[in-house]
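If you check Swiss-Prot, you get these features:
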- 143: active site, proton donor (ACT_SITE)
- 32, 35, 65, 66, 67, 68, 69, 90, 109: substrate binding site (BINDING)
- 50-108: disulfide bond (DISULFID)
- 64-119: disulfide bond (DISULFID)
- 82-134: disulfide bond (DISULFID)
- 89-96: disulfide bond (DISULFID)
- 1-25: signal peptide (SIGNAL)
């Protein structure tokens, strides 16, 4: 009797573990936003900041990401943007929000002569309002839409 139960339960356990396990290591949209767009610990004073960060944050694997923006504010302040002014996203969606005040950002743009795998970026420090797409409950940033 015990062996029969084991023979029934074991395949079921294998199915459940096989189904749940891949989702444990999967990067959520909010996690990807943080990896791509948040650098609270830095103010990017180095002209090589973008070259270093784009590589470190895995945005130069397989190809050079043409443009990226890093926000140099606390995660709490960036999350707070999701409760600020609702604006239309560049793609027409209505889940974007604009920060009330200008935030410290670094704009990274691929230089014209740069070719993969040698991705070279121009680093530009700015103070601008940010626009982020937010999702979930509680609402958190999932995409950097623009700066203004």
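Glycine too: its Cβ is placed from the backbone N, Cα and C atoms.
Fair warning: this is a prediction, and the values are worked out from it, not measured in the lab.
Positions of Swiss-Prot features highlighted on the structure.
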| residue | record | contacts (Cβ under 8 Å, 6+ apart) |
| --- | --- | --- |
| 32 | substrate binding site | 142 |
| 64 | disulfide bond | 54, 110, 114, 115, 116, 119 |
| 67 | substrate binding site | 107, 108, 109, 110 |
| 69 | substrate binding site | 37, 105, 106, 107, 108, 130, 144, 147 |
| 89 | disulfide bond | 95, 96, 131, 133, 145 |
| 134 | disulfide bond | 81, 82, 95, 96, 97, 140, 141, 142 |
| 143 | active site, proton donor | 29, 33, 132, 133 |
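On a Cα basis, residue 50 (disulfide bond) lies 11 Å away from residue 65 (substrate binding site).
Neighbour count (other Cβ atoms within 10 Å of the Cβ, all protein chains): 25 for residue 50 (disulfide bond). DSSP assigns residue 82 (disulfide bond) to a helical segment in the three-state reduction. Residue 67 (substrate binding site) falls within a strand segment according to DSSP. Of all the disulfide-bonded residues listed here (82, 108), it is 82 whose C-beta has the fewest other C-beta atoms within 10 angstroms.
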